[in-house]
Amino acid sequence: MSGAALGLEIVFVFFLALFLLHRYGDFKKQHRLVIIATLLAWYLCFLIVFILPLDVSTTIYNRCKLAVNSSPAESNGSYVTLAPSKQKCFKPWSYIPNGIMPIFWRVVYWTSQFLTWILLPFMQSYARSGGFSITGKIKTALIENAIYYGTYLLIFGAFLIYVAVNPNFNLQWSQLQTIGIAAANTWGLFLLVLLLGYGLVEIPRSHWNGAKRGYLLMKTYFKAAKLMTEKADAEENLEDIMEEVRKVSESIKYNHPLRKCVDTILKKCPTEYQERMGRNMDDYEDFDERQNSYPSEKSLVKLHKQVIYSVQRHRRTQVQWQILLEQAFYLEDVAKNETSATRQFVHTFHSQEPENKIIQYFYTPTVEWYWECLLRPWFYRVLAVVLATFSVVVVWSECTFFSTRPVLSLFAVFIQLAEKTYNYIYIEMACFLTIFFLSICVYSTVFRIRVFNYYYLASHHQTDAYSLLFSGMLFCRLTPPLCLNFLGLTHMDATISHKNTQPTAYTSIMGSMRVLSFIADGFYIYYPMLVVILCIATYFSLGTRCLNLLGFQQFMGDSEMTSDLIDEGKELIRREKRKRQRQEEGENRRREWKERYGNRDDSTRNRVVHTDQKESSFSETNTNRPLSKYTRSNGRTERDRIELLQDAEPLDFNADSINDDPLESDSGR
């Protein structure tokens, strides 16, 4: 089993990152380099979270071996362990041989740092550029990142000059490397605590509110009102941009040198707009003979950028509106079925996507009713209590992890108790649950953040390239300080535990933070305590109230604006519901008329053939009369059926009043 656990987790994490990226990104429409760079960034960050518990168990085993193999004097001097020196060490099932983990962490860490500080910022500017060639996009990206890269080079150059001039500093390359890592981790820790303080409160509260049906439905109405405003704004913006594109397309004819740029812009427009703005190839006009002013290439680059942004935003709002409608209809069905006496879940509208037969077999309407109306609220409440307990433990440990005598961090207590008995499975499970919960609190906040319309992770393949790359940057900057914070909570970091023990392979590549004592003994220890203030602010929704005062409408139960938006959203959902009901009723009528008249037409045709065979011995005069009667009736029936099928909204009819026999109907007339 040596190394097998590492290989399995590497494969599993890759498919996990691929699944999440497929949910948010669009593999068919987005550039392959954007997909590969984002996938690599997400994959490396998730890999660090999953592999770190194996590093902890392997380090504990190596400490035990060193304690057993060393003499008592060496054990007391060189290594300090919790186990007796004569106790036998048991190799963990997931043991990773020596020499693999340092190389693995070094490759993963420096690759992620290269992505977040150099490659991904450049690709962001490249993906958002409106250039028409690769060279033009690269030039735009370099210009936009010149200030970004120049600032870091200026700071680093000033620091090197200061070190070279000052004789008191005698720094080596390894120490300079440690200073660079410390600077990156300090920036990441500053953002980490902000996101962690929000997630520790909001995740348990969101699950607790998930058990409230009325709360979720009111919040969905609120979202519907806001999304409708955004949707209307996106449609208006798209119309304005398309009007500019139309004017440019009419002014620049096919023989103009910039016509290729216009054609590139037209390809990015929706199909209906492309058909409207189809240029006439016979309209030849020599642009040199006219004195008209034509747009420059720079203005076309700007227009191209606006077209890409407006089309992406319009498509995203349309998809989100449909998803929100389905969610609102489903929550209304849940509220309606809670009082059902039959205890069978009844949907107002049938699902538009085909469901799996296996799911239909097990997830019957009765099972769905018990889950949605009875079990799910209690499950969410229990889960919220468990998550809230984890949050309290994390907050307590963040405020007390610097204390080593006595050990006050609960995570450190659990790990040290398991270390005494060498229960590696318990150690790995405890480490995994701890770092997984911390990662969920931080990463879920990254997925929820929305910076106006520039950064927004939207599911169902609606996230643009800029937001995907920006999320990869955040993950790569947040994950290393998150892991260091976890090792500090469990006292596996020698900087926190103040013990001369063998460090983990992950902390060994970070170097000794003692080079910068004010960071190691000050910022890393006391700054995480601010998570308490952030949790209190999140609990009382101070950030939401501030945004509401600034004019950004947020969901608040005690606000008049929220009540007005809820009423508006309820009316919008009701209107869309009536619209969909009319559509389904129209489809059912057309289907019923088609089945009724289609069957009647077939029966009439069969009777005509039977009569023709039966009366073939009579004269031609006697035979043509009944046939003409049948033929007229058949033709009239066919015309009526075609007219009814072509009607978009067929009128209501009474099925009992229609005679099934076309002959009697004709004779009655």
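Quick reminder: no glycine exception, Cβ is built from N, Cα and C everywhere.
What TrEMBL lists as coiled coil is 224-251. The list of residues near the coiled coil (224-251) in space but at least 6 beyond its ends in sequence, with Cβ under 8 angstroms from a Cβ of it, reads 262, 265-266, 269-270, 273, 276-277, 279, 292, 294-295, 300, 303, 306-307, 310-311, 313-314, 316-318, 320-321, 324-325, 328, 553, 565-566, 568-569, 572-573.
What TrEMBL records for 582-617 (among others) is compositional bias 'Basic and acidic residues'.
Here TrEMBL flags 618-634 as compositional bias 'Polar residues'.
Taken from TrEMBL, the feature compositional bias 'Basic and acidic residues' applies to 635-644 (among others).
Summarising the annotation, TrEMBL assigns compositional bias 'Acidic residues' to 658-669.
As annotated by TrEMBL, region 'Disordered' applies to 576-669.
The transmembrane segment feature in TrEMBL is assigned to 6-21 (among others). Counting only same-chain residues 6+ beyond the ends of the transmembrane segment (6-21), those with a CB under 8 A from a CB of the stretch are 35, 38-39, 42-43, 46-47, 50-51, 54, 94, 96, 100, 104, 468.
If one looks beyond the transmembrane segment (33-52) by at least 6 residues along the same chain, the residues whose Cβ comes under 8 Å of a Cβ in the stretch are 6, 9-10, 12-14, 16-18, 20-21, 25, 27, 104, 108-109, 111-112, 115-116, 119-120, 123, 127, 431-432, 435-436, 439, 465, 468-469, 471-473, 475-476, 478-480, 482-483, 486-487, 506. Among the features that TrEMBL reports, transmembrane segment is placed at 33-52 (among others).
Annotated transmembrane segment per TrEMBL: 103-126 (among others), in sequence order.
Marked as transmembrane segment by TrEMBL: 146-165 (among others).
According to TrEMBL, the feature transmembrane segment maps to 177-201 (among others). Sequence-distant contacts of the transmembrane segment (177-201) (same chain, six or more residues past either end, CB-CB distance under 8 Å): 113, 117, 159, 171, 391, 394-395, 438, 440-442, 444-446, 474, 477-482, 484-485, 510-513, 515-516, 519, 523-524, 527-528, 530-531, 533-535, 537-539, 543.
Look at TrEMBL and you will find 378-396 (among others) tagged as transmembrane segment.
Beyond its flanks by at least six residues, the transmembrane segment (425-446) meets 49-50, 52-54, 56-57, 60, 92-94, 192, 195-196, 198-200, 202-203, 387, 390-391, 394, 411, 414-415, 418-419, 457, 471, 474-475, 478, 482-483, 485-486, 489-490 of its own chain at Cβ-Cβ distances under 8 Å. Annotated transmembrane segment per TrEMBL: 425-446 (among others), in sequence order.
Positions annotated as transmembrane segment by TrEMBL: 466-489 (among others).
The transmembrane segment annotation in TrEMBL covers 523-542 (among others).
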Outside the transmembrane segment (378-396), six or more residues from its ends: residues with CB under 8 Å to it:
196, 200-201, 203-205, 207-208, 210-211, 408-411, 437-438, 441, 489, 531-532, 535
With the cut-off at Cβ under 8 Å and a gap of six or more residues from its ends, the chain residues touching the transmembrane segment (523-542) are 186, 189-190, 193-194, 196-198, 200-202, 205, 391, 394-395, 398-399, 401-402, 484-485, 488, 495-496, 513, 556
